[in-house]
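Take a look at the structure set out below.
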Number of protein chains: 2
Amino acid sequence: MSNIKTNSVGIVEPQTLHFDEPLSLESGRLIEQYDIVYETYGRLNSAADNAVLICHALSADHHAAGYHHEGDSKPGWWDICIGPGKAIDTNRFFVVSPCNLGHCSGSTGPRSIDPKTSQAYGQDFPIVTVVDWVNYQKRLADKLGISQWAAVAGGSLGGMQALQWAIQFPDMIRHAIVIASAPKLSAQNIAFNAVARQAIMSDADFHGGRYYDHNTVPANGLKVARMLGHITYLSDDAMGDKFGRELKNDQLKYDYGVEFQVESYLRYQGESFANRFDANTYLLMTKALDYFDPAEKEGGDLSAVFEKVQAKFFLASFTTDWRFSPARSKEIVSALTEAGRDVSYLEFESNYGHDAFLVHNDDYLDAFGAYMRNIEVSP
Amino acid sequence: MSNIKTNSVGIVEPQTLHFDEPLSLESGRLIEQYDIVYETYGRLNSAADNAVLICHALSADHHAAGYHHEGDSKPGWWDICIGPGKAIDTNRFFVVSPCNLGHCSGSTGPRSIDPKTSQAYGQDFPIVTVVDWVNYQKRLADKLGISQWAAVAGGSLGGMQALQWAIQFPDMIRHAIVIASAPKLSAQNIAFNAVARQAIMSDADFHGGRYYDHNTVPANGLKVARMLGHITYLSDDAMGDKFGRELKNDQLKYDYGVEFQVESYLRYQGESFANRFDANTYLLMTKALDYFDPAEKEGGDLSAVFEKVQAKFFLASFTTDWRFSPARSKEIVSALTEAGRDVSYLEFESNYGHDAFLVHNDDYLDAFGAYMRNIEVSP
């Protein structure tokens, strides 16, 4: 029996493209050659003007919609809004969803083999930034024959990429969809990332990032990092509603084991993540977040950065998101408005905190869908 | 040259009392014998009705005011409000400040020697709760000839002890001073504690809490726990004002070292704490926080718990405290009001987050002092 719903893109298969042309990075370093793994949904029209780029956040990847096989229990990470008749309607749009450089789901990253040494890169893999990812995604666009995206869309770190696209290649993007994002991290955001990295890098199994050679992984550190991340993705209210002070067992044990359901949940989340995700990629993603600051080149003036932007913008935030609160989206909206750009902004009621951009919510998806329907594409 | 200010209690010396009578704990376990280390400031009057008990929070101890020697660079942790002419005026009050059971600053705790095994207790030290501390502090009151506290005062976890005193020994306390506290932890509060414990307990140097025997300490785990704690003590705004995105060096290095000042600050705080604090005590204190829930015995009805309370209450909270936000203090205020108790409550503007209760602020200290001046004591 199939789990696949009727409004799904169905079964999808990741594709891989190999690139031999070196990519210059913001750090001054170079990545000589690399693979891009990506998925596509829908069809590119003959005018090639209906392509939508999906940018993923920290722990997601190219698998944004559909299923990998019959009986696959979970669809892609943004299946709520990508599919026939959905907000990003695959009957109209050709959706391209790449896995970012540095990731651990197929595209070249720290656990890939460095052709120079025939060993895994580990921490020799260069730091990559949002600017680098946009250059990397442009290479993919060129290869796929897309000279202009109808839209570039993402949430959180993905929203930063959409924003950066509008700045970096102003004539290659008609609409930027920036959800639950921020124009740069706050000191508190950086601090949480610093704690996560500290947990990973001080794990005795980290071995300076060369744990692959020791046949181990820094699972404890990655578990702590993910547990911490989870707290920042959920709202205080949502955690309260879901777990409150509910006990794991019938009564308190007064020991250092798990007493409360919320502890049990976090440990489970941390463990399952540590089993599937590469610690070096986690470090790299948190650094990309830290470095993102497009206004820095204009002395902190975000509206100056938007002077040359041509894209129209759709921004959305969620009331209980305290990682990237509505106030952070409003910083972007204000700067766009000041620069005279077209921007639609909506703040949605949600109890799901930062994770709200991944959760079905009629108001959010209706507004997102309405915006997308107004994007003109050739028949 | 002395650093000691004129309105200081001056040089103080901790005292130790040994107790042989076993103390029954909430867990059902027993602690056979123990030391209480404490400091006192001011003089007990002949009616013995001017004693104020100070309850410390997670990482503080008995050293609440004054200096330990000439040239001591820092006074006790609550020196802003304890001293001659200060909010808790030592010209009027006899202040008693004990180090809690389970701590690592002198009172019996996990790194003390268990007389049964002649080894450090480690994780064999029983879990202690706020209820246990109140019983333990009562033993000290008995020994010092104090049959009723003029006031019991504390912030954060210390405020929980003041609250518990009013519930547990209603005729032994005239005023409860509960600052920046909460009637119980939220799921998010518990979650942060769970992450801190996970970091410590998964450190390869933890050895199931028997690290003393291995001549090591789980410094990396404790460092991560403290870094995380620090983020929750400070407000997002305060971190932003203090550090923003200021760089540690002239320019970005694009590596896994420290790039931003806030990372540098957190690492420093984490390291200095890991060098002085005992990891088992940290675990124990977070557990005491988790377990605190006086309303639980009344099916969650806090006002029912307050029916038998006789003390009058002074509560204070701070606008940017997101660890124990003003809303948490208001839960206590509402329940006290419902139970017909006398309560003064003030919310103070402050940028310092949870740490605000430790920081000089005229409005806060003036109101605190005004309340304390109204407490009647014999001449």
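For all residues, glycine too, the Cβ spot is worked out from N, Cα and C.
Database features (TrEMBL):
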ACT_SITE  B:Ser156  active site, nucleophile
ACT_SITE  B:Asp321  active site
ACT_SITE  B:His354  active site
BINDING   B:Arg226, B:Asp355  substrate binding site
DOMAIN    B:51-360  domain 'AB hydrolase-1'
SITE      B:Arg323  site 'Important for acyl-CoA specificity'
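Cα of B:His354 (active site) to Cα of the residue listed as 'active site, nucleophile': a distance of 8 Å. Secondary structure from DSSP puts B:His354 (active site) in a helix. In this structure, B:Arg226 (substrate binding site) is part of a helix by DSSP. Annotation: B:Asp355 are the recorded positions among B:Ser156, B:Arg226, B:Asp355 whose CA atoms are within 10 angstroms of the CA of B:Asp321 (active site).
When secondary structure is read from DSSP and collapsed to three states, B:Arg323 (site 'Important for acyl-CoA specificity') falls in the coil class.
On the 0 to 100 pLDDT scale, the model's mean across the domain 'AB hydrolase-1' (B:51-360) is 97. Each residue contributes its Cα atom, and for B:Arg323 (site 'Important for acyl-CoA specificity') and B:Arg226 (substrate binding site) these two points are 14 Å apart.
Cα of B:Asp355 (substrate binding site) to Cα of B:Ser156 (active site, nucleophile): a span of 9 Å. A C-beta separation below 8 Å, combined with a sequence spacing of at least six in one chain, links the residue listed as 'active site, nucleophile' to B:Ala57, B:Leu58, B:Ile179, B:Ala180, B:Ser181, B:Arg323, B:Phe324, B:His354, B:Phe357. Around the Cβ of B:Asp355 (substrate binding site), 21 further Cβ atoms fall within 10 Å across all displayed protein chains. The Cβ of B:Arg226 (substrate binding site) has B:Gln269, B:Gly270, B:Phe273, B:Ala274, B:Phe277, B:Tyr282 as same-chain neighbours under 8 Å, each 6 or more residues away in sequence. Around the Cβ of B:Asp321 (active site), the number of neighbouring Cβ atoms within 10 Å comes to 29. Packing around B:Arg323 (site 'Important for acyl-CoA specificity') is summarised by its Cβ count: 22 other Cβ atoms lie within 10 angstroms of its Cβ, all protein chains included. Summarising the environment of B:His354 (active site), the number of other Cβ atoms within 10 Å of its Cβ, over all protein chains shown, is 24.
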